[in-house]
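Database features, via TrEMBL:
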DOMAIN    13-126  domain 'Gfo/Idh/MocA-like oxidoreductase N-terminal'
DOMAIN    136-266  domain 'GFO/IDH/MocA-like oxidoreductase'
Ligand code: SOE
């Protein structure tokens with residue numbers, strides 16, 4: 001695979017804490033990157049034992065400290081309110097960390113985690129994995145090469161439907177586990193990260209509205225939002241908007257990002273991730289993911305020949321491979337780290353403040 005660098009001299013013995021869907025995705029990426037799963041901890045010993053084979057775990061632990069001790073790198077895949085204590089314990093033990101997003105449920109915790117990782121000199125990565133789609137890298141390379149001209153407008157959405165009905169439930173719905181901003185923290189954070197990653201620009205001010213479509217789920221009151229509409233301005237002079245929703249029937253995981261400049265536009269659609277739309281005044285093109293024609297930055301993340309669809313898991317594989325390369329002392333371009341998770345927490349805080357005050361709010365740099 002193109003993105004796997006020579007990291008064989010560095011071991012990658014991982015602990016996975018959390019055995020749900022994300023734990024499985026991490027486990028597979030660890031295997032592809034040539035690592036191993038030294039141990040896992042689940043929400044209960046029974047759940048961990050049941051998941052051990054599918055997570056390729058060498059051992060099941062009941063104790064977070066013990067599994068941290070057994071590993072080189074700790075993958076934190078538990079509900080959001082537990083990210084900070086576990087990641088800080090891993091960093092204090094001198095271990096590298098991969099922590100799911102949102103990094104923390106507030107800015108103070110995200111800052112403490114970021115500073116602790118910097119002080120300890122460990123690699124601390126956050127899976128903003130859509131950065132690892134080859135066609136996202138292609139869009140970024142085109143922006144950097146000036147092919148879009150002066151950027152003027154960015155817009156799009158991130159839509160899902162898995163929380164459409166009042167009976168649909170998950171720990172993310174509860175503010176004490178997932179954080180006060182749920183849909184924005186879970187998927188809006190991905191959209192904003194991708195916008196800033198592709199354009200190299202920064203959101204400087206936001207105006208947001210929140211809506212909770214299902215005020216009751218599974219017989220209890222819910223305070224977290226299902227929908228966010230967001231307008232923003234950037235330091236580089238773009239304006240834009242996005243819609244974040246987890247109640248959009250028929251949209252499964254549809255992240256759409258369109259960026260326009262004075263010369264051209266690009267649009268990336270996560271559900272059609274084999275292609276990148278390139279808009280021009282005279283003509284448009286639908287670029288296929290073809291390693292022969294992509295820029296080297298994009299081709300680095302190609303794992304299959306053109307036309308053989310690669311997707312979400314491949315992004316994770318690329319992300320963990322680059323995390324491993326960083327641990328081996330390399331500096332892979334675009335690895336999302338705790339500072340990016342802190343950045344997302346700052347944007348989320350501004351979004352919440354704007355929605356509550358019904359005003360525009362500045363986002364600190
Ligand atoms: C659920 O909304 C989820 O799994 C997110 O938590 C992930 O970050 C996103 O990539 C896919 O959807």
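Quick reminder: no glycine exception, Cβ is built from N, Cα and C everywhere.
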PLDDT averaged over the residues of the domain 'GFO/IDH/MocA-like oxidoreductase' (136-266): 98
The domain 'GFO/IDH/MocA-like oxidoreductase' (136-266) - residue tally per DSSP class, helix then strand then coil: 34 helix, 48 strand, 49 coil
The domain 'Gfo/Idh/MocA-like oxidoreductase N-terminal' (13-126), counted residue by residue under DSSP: helix, strand, coil: 52 helix, 23 strand, 39 coil
